[in-house]
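Let me begin by presenting the structure, written as structure tokens, before commenting on it.
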Amino acid sequence: MIVYEEKIDQDVNGNDILWVMRKVCIDCFQYKIVKILLLLLAIFIAILTLVQGFRFLERFDGPYFIKYAPAFIRTFVILVAIAFISFGMETAIYVKDTTFWLIDSAGLESEKRIKKHAMYTNIFFVSYIVVGVISAIFHIIPLDDDNDVLYPLALFEEYVPDWKNLFSSIYRFTFLTVPFTLGIPLYTAIYIITTVYYQILLFVVYVKNINTDLDVENVKYQETIEKRLIFCIQRHSSFLKRMKESNRKMSATVLVFSIVGILLGASVLMFLFSFHMSFKIWYYRIITMVLPTGAIFIHIIFIGQSLENAISQLEANLKMVEWYHWNIPNRKLYLIFLINTQEQKGVKFSQNVSVNYKLGVSIAKAVYSLISLMSNLRSID
């Protein structure tokens, strides 16, 4: 039996079933030494990005651009990621100020479902980190063709030949930071959306059982319904307010990384199609880079769609409630509740664009269009 009383989680971090993701994406970036290292990394990458961007403008031809584009765009994405890390932490802290319910609030079935989902989410995240580190190690190991693909190495050889080994080593070891910077803003968004998703799953059970275990003939029936409706409306209103603000904060992150992800994906695919004979040895580097990057976008689209489905289920459960037994005041409360559920559905960039499967299809189409564009660039002499 569901008890319509808040079982507040007094130790949100201690009871966090997504603690692995929180530790890596949020907690570790609060240390001063990590912030200093991030700043130094950002300065180093910014200089390389500006120099390479200038050289692209100075000498532009299709094959030249396609050859160096993947490494250049990824470097730019890392720079953007570093800029968004603190932004993501602020959003996560804001969401954590919400009153969270314990995951056993809505019964054993919901608790098991949430724990199972959290287990797979943690495994997915750890896999991303592991594959990212493997990719970094592959990039650290020198290859004969590195200067023809990793443009900073060619710059070091051209402008600082006496120091090229030192600068090249520093540059190569920055690849170890990639799994801990590149996807962190998006995984912070995934962490936030997932925690909200779990709270919605709990709330869905409460809404579904508003009429459960009640006798219509009981003199306290209407009074009990009123208390349950007020309880649900208050919870929904407070959570909706937080969700609107966190949605506004997260939407910019997801939008920016969707755009740069499209550019990165298209450039990498075009690189593979264009240089499949000369750069076979690069395949394992590219694969271990593309897999975690693609997995991030699949993950955020999946959890965005899951949240949207949970909210739709909440609305469907509310519409199926046997309200015709209620008195006029309770029906008015029910109408207020129905209206409130229309206000927010999922994570949105705008009125018409949400984080869901449709966004995934749009991204795939955009990548295909960019590949076509780069195919034309390749033919430019």
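Each residue, glycine too, has its Cβ placed from N, Cα and C.
Please treat TrEMBL annotations as automatic predictions, because they have not gone through curation.
Note that this is a predicted model, so its numbers are computed, not measured.
Now, the feature entries from TrEMBL:
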- 33-51: transmembrane segment (TRANSMEM)
- 71-95: transmembrane segment (TRANSMEM)
- 120-141: transmembrane segment (TRANSMEM)
- 184-207: transmembrane segment (TRANSMEM)
- 252-275: transmembrane segment (TRANSMEM)
- 281-303: transmembrane segment (TRANSMEM)
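For the transmembrane segment (184-207), the most Cβ-contacting stretch among 33-51, 71-95, 120-141 is 71-95 (pairs under 8 Å).
Take the transmembrane segment (120-141) and the stretches 33-51, 71-95, 281-303: counting Cβ pairs under 8 Å, 281-303 has the most.
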